Every structure is written in C-alpha cells, then in structure tokens.
Amino acid sequence: MSVVGGRMVAMTNSAAVLADAAAYAAAVEEASLAAAAYYATGESALDDDAYDRLARGIAAYEADHPEEVLADSPTGKVAGGAAVGDVPHTVPMLSLDNVFSAEQFVTWTASLERRIGRPVTAWSVEPKLDGLAVAARYRDGRFERLITRGDGTAGEDVSHAAGAVVGLPERLAEPVTIEVRGEILMTNEQFAQGNAIRTEHGGAPFANPRNGAAGTLRAKDRAYRVETTFFAYGALPLPDSGELGEALAELPHSEVLAYVAGLGVHTAAGTAVAPLRATTVEEVQARVDGIGALRAALPFGIDGIVIKADLAADQQEAGSGTRAPRWAVAYKLPAVEKITRLLAVEWNVGRTGIIAPRAVLEPVEIDGSTVGYATLHNPADITRRDLRLGDQVMVYKAGDIIPRIEAPVVHLRTGDETPIAFPESCPQCGSEIDASEQRWRCTRGRDCRLVASVSYAAGRDQLDIEGLGSTRVVQLVDAGLVADFADLFTLRREQLLALDRMGETSTDNLLAAIETARTRPLSRVFCALGVRGTGRSMSRRIARHFATMDRIVAADAESLQRVDGIGKEKAAAVVAELVELAPLIGKLVAAGVSMTEPGATPPPDPGTEEAAAPATADAGAPGGDAATGSALPLAGMTVVVTGAMSGALEKLSRNQMNELIERAGGKSSSSVSRRTTLLVAGEKAGSKRAKAEDLGVRIAVPEEFAELVGAFLTAGEEA
C-alpha cells in the first residue's frame with residue numbers, strides 16, 4: 001500500500017530527515033507501532049502525512065546505510081503485519097507501492113515496461129478502498145473461512161463476522177473452490193447506523209469507518225449486530241480448485257473481476273468508480289482524475305486508485321518482491337485526516353435553541369483547505385470520548401464534508417490537557433439549559449435567538465433604544481408582544497404597562513425612545529437587520545452608496561460589488577440574506593421606520609453615469625452629492641479617531657464619530673497606516689498619535705475637526 005509497510009498515506013513528497021542511527025532506530029520503532037495500531041484498530045498516533053514523511057525518511061536512510069537496516073524495519077514488511085494470525089495464506093497477501101503524482105506514475109510505468117521488455121497494452125484502474133484486506137475462501141461454492149491479511153503470510157480467522165458482511169454470500173452462483181480477496185469497510189450509512197447502535201447499547205462511537213470495520217470484524221459475542229461491506233478486488237485458486245486454477249492464471253485481471261461478480265460476490269462494478277480497462281497511460285490518468293473528483297460524493301471511503309497491468313502475461317513477467325507486486329501500484333490521493341491540537345470549544349445556539357459545541361483547532365491543511373474548526377456532536381459525545389483541551393486530535397475532512405474530530409490521540413498526551421467546561425446556562429440568552437437529552441437545548445427554544453436579535457437591533461450602535469435591555473426584551477418575547485424587532489414600533493402603552501416593573505414613567509420613556517429610533521438613518525436600520533458579514537462600518541458604506549432601502553433590496557450581486565469592501569462571495573451572500581429579510585423590512589416600512597440615509601445620493605442607473613449631473617445637488621450642504629463626494633470636506637480622505645473627544649464632539653460615541661466621517665465623505669479606519677490622511681487626536685491619544693507623527697500624517701484636535709465637518713454635525717446629533 002504505501003512505500004513503507006503499506007500504510008495509507010497522503011499525497012506528499014517530503015520526508016523526515018534522520019541524522020544518525022539513533023534517529024533511524026527511533027523512527028523504525030515509531031512507524032512500526034503506528035502501523036500496528038492502524039491495522040489492528042483503525043487508529044494511529046500518526047496521521048497519514050506524518051506516517052508517510054517518516055516512512056520516506058526511513059527508506060532514504062536505509063538507501064544510504066544498507067548495512068544498518070533493522071530487521072523490524074517496515075520497509076520489508078507487508079502492511080498490517082502487526083495483527084498476526086494462525087491461518088496460513090496459500091499465496092502471500094502483499095502490499096502495494098505508492099505513487100503520488102502524474103510524474104511519478106509515468107516513471108513507474110516506464111520502469112515496469114523496462115522490466116518486462118515491452119509496452120503494457122492494457123491497464124486495470126480501480127478505486128483503492130479504505131478498509132481492511134481479507135481473503136474469503138469458498139469450497140464447492142459454499143463459504144468456508146474469512147481471514148485477515150495479518151503479516152501477509154498468515155492471518156486471523158474472523159469467520160464469525162461473515163454473517164454481517166454485505167456482499168459476501170454464503171453460497172456462490174457456481175460450486176467452485178476459490179479464494180476471493182478484497183476489502184471490508186463501512187459505508188457512510190453503515191458507519192452512522194453502527195454508531196447509533198453502539199451508543200444505544202452504551203458503547204462509545206467508532207472514531208471513523210475504518211476503525212469501525214476493524215472493531216466489528218474482530219468483535220465476538222456482541223449483543224447487537226453491525227453491518228460492514230465487502231468489495232472484491234481479485235481471486236486466486238486454492239490447491240484443490242482443479243481446472244479453475246489454470247483458467248484464472250490465464251485471465252486478464254479485468255476478466256477475473258467480472259468472473260467474481262458473476263459468482264455473486266460484491267465488487268465496485270456497480271459504483272460510480274467502477275473498475276475500468278485502459279490502453280494508454282493518458283487514459284489511466286484521466287480515470288485517476290475522474291475518481292479523485294468523485295471522492296467526496298462516494299458513499300464509502302477511498303484513499304487512492306489502484307492501477308494494475310491487466311494482462312496475466314505482463315503480471316507473470318514482472319513478478320513480485322517480498323512486500324509488493326511489481327505490476328501494480330497505488331496512486332494516492334490527498335489525505336482527508338490530520339492530527340492537530342484542540343485549542344478551545346465554542347458553544348453556539350441554533351435557530352431552534354439547540355446548543356451545539358464547536359471545536360477550535362490549531363489550523364491545519366486538509367484536502368486542499370485550511371481547517372480551523374470542527375464539529376462536535378454533543379456534550380455526551382465529548383464525555384464519552386474523553387476529549388480534553390490541549391489534546392492532539394484526529395480531524396477528518398473530505399470535499400464539502402464539514403470537518404469533524406474523530407478521536408483524541410491518547411498516546412500523545414503530556415499531562416497538561418484540561419477538561420472541557422460545559423455551559424451552565426444558555427450562552428446566547430443566559431436562560432436555563434434542558435440537558436435531559438443528548439442534544440442540549442435552551443429552555444427558551446426558538447425564542448432564544450429572538451431575544452438576541454431584538455437586543456442587538458436595539459443596541460447603542462444600531463437603533464439605540466434606551467431602556468430596552470435584554471431583560472426587558474425577554475419580557476416582551478415571553479408576553480408574545482414581539483416576533484421580531486419591527487414589532488417594537490407597534491407596541492402600545494397599555495401593553496407595556498401590563499408587564500412587571502413597568503410603571504408609567506418607564507413606559508413613556510421607552511415609547512419615546514422607540515419613537516426616536518423610528519427616525520434613525522438607514523445605516524443604523526440596515527445594521528440592525530444583522531446581515532452576516534456587514535457590521536457597522538460596512539452598513540454605513542452600503543447605506544451611503546445606495547441611499548435608500550429600496551435600492552439596497554433591489555440591488556443584485558454585481559451592484560453590491562461596487563461598494564468598497566464587498567467582493568463576489570460576500571455580495572452573493574448579502575443578496576440571498578436580504579431575500580430572507582424581505583418580510584421584516586416590509587414590516588419596518590409599514591411601521592414608518594426611516595429608510596433613507598441623510599446626505600447620500602443614490603448611484604445613477606446603469607448606463608446613465610455619463611448623463612448624471614453632479615451639480616444638481618447642493619454640494620455644499622450635508623445633502624450634497626455623495627456619489628461623487630467631490631465637494632464633501634473629507635472626500636477621498638481616510639480618517640482615524642483616537643483619544644477622548646471634546647467640545648462639540650464630546651458626546652459622540654466612537655461609532656457616531658465614524659458615521660460623521662462617512663457623512664462628510666471620508667472613510668473611517670481603526671488603525672494608522674501610510675494610507676491614513678487625517679488623525680483626529682483627543683486627550684490620551686497614545687500610540688496612534690506617535691505612529692501618525694512618525695508617518696507624517698496630518699493631526700487635528702477635536703475642535704479643529706468639528707469646525708471642518710460642522711455642517712454635518714446636526715445630522716449626527718439627530719441620529
């Protein structure tokens with residue numbers, strides 16, 4: 001299977017560097033232990049990439065120091081050699097050598113053709129299944145024995161498990177004596193079902209499908225049944241097979257597979273990655289690429305593609321080494337699992353109130369993307385698997401599958417790991433948690449998210465409704481008075497007076513604050529919607545670009561990309577979310593909430609840019625042309641605010657200062673850089689002022705800045 005010991009490994013060309021004999025000996029021991037665990041249980045202290053780097057390092061050291069090769073080096077062993085049984089194989093069950101790229105594959109084919117002295121005219125291309133290699137013996141068409149690979153010369157008898165192996169019939173279609181070789185694995189569906197059955201019986205879930213297949217195959221006297229699946233990849237005669245033995249020896253590999261399928265044994269023929277016969281290296285590579293593209297959508301795991309010389313004569317001429325045949329190779333695909341560190345656990349609340357844990361990981365590259373988070377099922381699962389902060393964990397990801405933690409690598413624990421703390425109250429709203437089931441739930445259910453969204457909308461940087469904290473929002477939700485924050489604008493005095501601790505004064509004050517919120521500028525109303533990826537600053541930019549909510553809602557992704565800071569992906573996401581928010585926006589309009597941005601002029605309609613006349617607006621007033629911004633005092637400027645404001649700016653929050661900057665045509669920023677045009681520095685300005693001085697950035701005190709943007713201050717105070 002792999003270059004060393006047949007280990008399933010990732011596509012990589014790097015190797016561990018072993019400086020001396022001691023490092024080599026340690027590497028051999030580590031690789032041997034990892035391979036033993038891998039084939040015995042489906043788990044290992046090394047991920048695929050780490051094992052492969054170690055394996056290549058061992059092979060490189062042995063090539064340079066052949067006199068120092070250790071007897072237990074995995075370079076001379078068949079994969080799975082740790083699980084030795086007492087049933088001899090009639091013909092050794094060998095491993096496969098690996099290639100990791102098109103270039104390496106071409107080199108391998110050239111080597112094979114040199115060895116046999118002629119071109120290979122037929123290739124068999126089939127999926128490399130991520131399971132356990134076994135040999136199934138049939139005598140006179142009846143199942144007799146199931147044997148694991150073991151050390152390649154003898155394996156373990158696991159016949160007791162055959163009854164739960166799909167695709168391995170009790171009786172063949174013909175009364176022949178034959179040995180069928182293949183892989184036993186768990187399909188994705190079997191893995192899910194197996195874990196459900198195990199947890200129902202008080203067991204821990206399998207770490208991964210390979211681990212599940214290994215454990216299931218060796219388990220005896222279970223109180224429950226877990227299914228696996230067999231895929232045949234070859235067949236050979238037994239000593240008393242008679243004429244069949246001679247026939248099998250002459251058949252091309254592709255015809256052997258067809259014969260096995262005709263006997264009623266399961267092969268990959270009925271799958272999207274069915275074995276294919278190719279005549280050129282180019283055809284083989286095309287099939288390799290095709291299988292790789294299908295990998296994520298397959299209902300079972302593969303970790304590569306097996307390529308074999310199809311003709312029996314080519315196989316016989318090429319022969320086999322002590323560990324692998326010379327006429328076949330495994331073309332490995334990128335690893336879909338890696339070991340990394342569990343840094344933290346976040347607790348998130350879904351729309352229905354389900355509290356779900358999410359793992360924060362030390363970023364690691366898996367299957368072509370960087371993974372920093374992984375799903376964790378529920379608190380009970382964390383407890384069962386004894387996950388701890390600081391653990392080295394095996395993380396799985398393939399294609400579009402959400403990354404998940406398979407298991408902690410217990411052997412790598414240092415003693416510094418700490419237990420994961422579970423929340424005592426809802427992390428979203430602070431209410432009690434219903435922990436009676438495996439999936440914990442906020443007792444407020446769907447209302448939990450409602451409390452958070454209404455509280456956010458009423459916050460200081462959004463609608464700024466004074467007196468409407470989360471406690472009051474909980475009251476309103478519990479009383480059934482609000483289903484979204486638009487309902488705040490239809491609250492009646494008598495409804496509020498009926499609530500606990502709501503007297504006449506507090507009621508009138510709240511209603512007055514809500515009435516004021518009705519006049520907030522579009523930027524704040526849009527921010528209150530909570531559109532993902534658009535915070536306060538982005539909301540201001542969107543509002544000033546489009547000027548009205550109607551134009552924002554009507555904008556397509558291309559139009560949104562004209563807003564500074566919005567790319568293609570974010571634009572599409574905003575458009576999609578605005579469609580979902582349309583009913584809420586409609587309620588806000590009906591309630592008389594402001595849907596315009598003071599001082600902003602909408603962009604010209606497509607195709608009318610040249611006809612647009614900038615001078616049509618009063619460029620010297622706050623209502624001037626924001627589309628061009630040419631007459632605004634901060635047009636084209638990037639402004640940073642630091643320190644305590646004074647004078648006319650004293651009562652403005654930092655968010656209000658940023659709004660003021662953007663109303664006056666500028667762009668607000670939180671950090672000083674070479675792009676900064678102006679720093680507004682109040683008392684205790686600190687390091688930002690020092691950096692601005694070093695960079696030669698213009699610095700203004702609050703009073704100077706207030707004079708510069710004086711015409712826009714009134715609009716800011718009203719907001």
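Yeah, the Cβs are placed from backbone N, Cα and C, and that goes for glycine too.
Taken from Swiss-Prot, the feature active site, N6-AMP-lysine intermediate applies to K128, supported by sequence analysis. Taken residue by residue with DSSP, K128 (active site, N6-AMP-lysine intermediate) is part of a strand.
A coil conformation is recorded for C429 (Zn(2+) binding site) in the three-state DSSP classification, outside any helix or strand. Taking a C-beta cut-off of under 8 Å and a sequence gap of six or more, C429 (Zn(2+) binding site) has these contacts in its own chain: V349, C442, R444, C448, V451, A452, S470, V474. Residues annotated as Zn(2+) binding site in Swiss-Prot, with sequence analysis given as evidence: C426, C429, C442, C448.
According to Swiss-Prot, the domain 'BRCT' annotation covers 629-719.
According to Swiss-Prot, the feature region 'Disordered' maps to 596-626.
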Quiz prompt | Secondary-structure category, per DSSP, in which C442 (Zn(2+) binding site) falls | solution = strand
Exercise. Taking only the Cα atoms, work out how far C426 (Zn(2+) binding site) lies from K128 (active site, N6-AMP-lysine intermediate), in Å, as a whole number.
Key: 46
Quiz item: Applying the rule Cβ within 8 Å of the centroid of the Cβ atoms of C426, C429, C442, C448, what extra residues of the same chain belong around the Zn(2+) site?
Solution: V349, G353, I355, P427, Q428, G430, S431, T443, R444, D447, R449, V451, A452
Quiz prompt | Number of helical, extended and coil residues in the domain 'BRCT' (629-719), per DSSP | solution = 38 helix, 17 strand, 36 coil
